[in-house]
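Engineer: Please read through the structure below; I'll follow up with questions.
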């Protein structure tokens, strides 16, 4: 009987033109990988490798069916599930469980083809066989003969595949029980079970038995259910109802009346009383869809149409009906009802449009740079009417868009002519479809297409080069400045992001935010690098992204963070032997120092801190030349521990010190400076000469001071618009004692070898008439500054000096003017004030043998 039924089922099935078939097990988590459409469809075989990256896929969603809700396709052609798949709820028993989805294949913006995928949902053994009751009661009469059989309910396995739902039964073996299990197949594939006697019962020996029926399915792993049967020895219901026919074939109209039965089933039972009363119900194999459309009267067996069929629903429905008596236990049998729904109506076609870039169900967007011939939308028509009523044709009249047929009831919309957003930013298209019925039915749908702007403007920096200044030694995250750029695009195309480009020469100590704010990410050191040149990239967020490169220069401003250090002498203390004779020059040696800072912070000044109690030595504050400050006498011979310092001009001032251990020897020809204890052998005439010389010197000195004072007053009158402080620099007298002046240009011989000095002239020369008392001499020496002629300009070391900004007005005026002191030979050896300009000062020698200050000013 089963073969005719399968033949009927095969006739009602329909075939698909399937491109690919995939298999996936049910109960897998959402997002389970199903297959690779690219690899399986071999679509790349016919394309050059350069076009592979342009191919992308999308799932065509159909509003009239929810099959596409179960799966998802990535742009790269990977197929995944979107939810937990349950074969039992999706498919019917005994049939292959599968879903068909359509996938659009596109090359860039061009449509290529539609792939139809058949996805087979593999049933797994996730249901155990279950009996309707955990235990039942049976009655056998003690008068029943051997072989008497009593029916028992079978177990049901809800799995949809035959293997997983196929149930085998066994009776738990017990040699003391006179019962056996019989199993046979019914029309709907279920087993019909029975307990039969292996031998005659004797109620006096035993009136109650308990046996166990085990139901196992054929799945892997196998699952089972257990039924306990309580058997009492008495008479029972032993006949099952029998249908008048096994298969009922019924044809109805899709608008059949809901009030009249479409079929009446009939089953008979040979038993009497309650055992012979029959009731009808749908078997568990009947689908939920069939139960939704049909209703079965349990008492009469009448089948009614519960709700009408839409023209899109399937045409053949299968109803598995069981007839059961009311005996204990109840016995039942099954029948199959095939209902063919005939659609005689002419229904309107349905248009289903899937845009490539939808905005809503009735609108889409395209880019203004879309090429002619590009794929815009996939159009699918649905008309399940029979014959010519289901034949549909469509058309689209538009100068920008065109409708092309892909196959039966399938079209695509392409771009016919270029679009320009600046000319027109949206279009309305109308699709008209009409079937071939009588009268023909027509459906019209309008859709809106918006033209989107493209990112075609490159970001532009507001400057060709961004220049910033920062101080060295600042903490990380110190602000540097903003980088600005503009982009006239709208939306994401006008949103800019900034980033630094890697520098292969050095690691940049800077960082930049996405909005262009530059700051340090570590402290910078002017001495390591004083200028940083690097590039900044700005890009917009449009598609495609456009970018520009800008130049940035950051100059590191020096701070006074390095103390000066002596390069000569390089050891501390430094031993120095000096031999002096009258022909020696006054210069002894040159101190040299360096400073890693730059500009004003590296402008150095030298000075003597100690060991010069006799005021015998002086150091040029700019050149570092150590020299004798006056004439050397034999009394000056000896050892000196001179402490010298070098200071920079930064803020705060930093300095370094060193010591010179100087041993001075004086030649015999050097005159002796007496100390006030003299021989009494002189005459009063010598004393008078000395007194006269001293008086003349005092008068001359006073005259020079008065003359210089007049010159200063005249100079201040010329600068009557400025308020300058008093000049604190010492003004040296024009001449000292004549015998000191005569020794100014003598040579100085420096040596560390004491053997070179053959004689030490320690004799005192009796020149009492030419001497000045020691006390008077010291008084004169301390109260005046020595003014002397210097070597010619060719013998001088020219030292460029710079000062800080904390200067006095008087110093600025002295340095910046060309004023020459023609009032007398005045020497300016120390100038302390500097203005905010970077000033280069050079010390030169004038023709008359005196100092001249030349100032060169430049803006740093």
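Note that the numbers count up from 1, one per residue, in the order the chain is shown.
Every residue gets a Cβ built from N, Cα and C, even glycine.
What TrEMBL shows for this protein is this:
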SIGNAL    1-17  signal peptide
DOMAIN    24-131  domain 'Cadherin'
DOMAIN    155-243  domain 'Cadherin'
DOMAIN    244-351  domain 'Cadherin'
DOMAIN    358-461  domain 'Cadherin'
DOMAIN    462-566  domain 'Cadherin'
DOMAIN    570-674  domain 'Cadherin'
TRANSMEM  689-713  transmembrane segment
Engineer: Counting CB pairs under 8 Å, which listed stretch among 24-131, 155-243, 244-351, 570-674 touches the domain 'Cadherin' (358-461) the most?
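Structural biologist: Between the candidates 24-131, 155-243, 244-351, 570-674, the best contact partner of the domain 'Cadherin' (358-461) is 244-351.
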Engineer: Per DSSP, how many helix, strand and coil residues does the domain 'Cadherin' (358-461) have?
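Structural biologist: Split by secondary structure, the domain 'Cadherin' (358-461) comes out as 4 helix, 57 strand, 43 coil.
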Engineer: Could you please provide the mean pLDDT value for the domain 'Cadherin' (358-461)?
Structural biologist: 90
Engineer: Counting by DSSP, what is the helix, strand and coil composition of the domain 'Cadherin' (244-351)?
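Structural biologist: DSSP composition of the domain 'Cadherin' (244-351): 10 helix, 48 strand, 50 coil.
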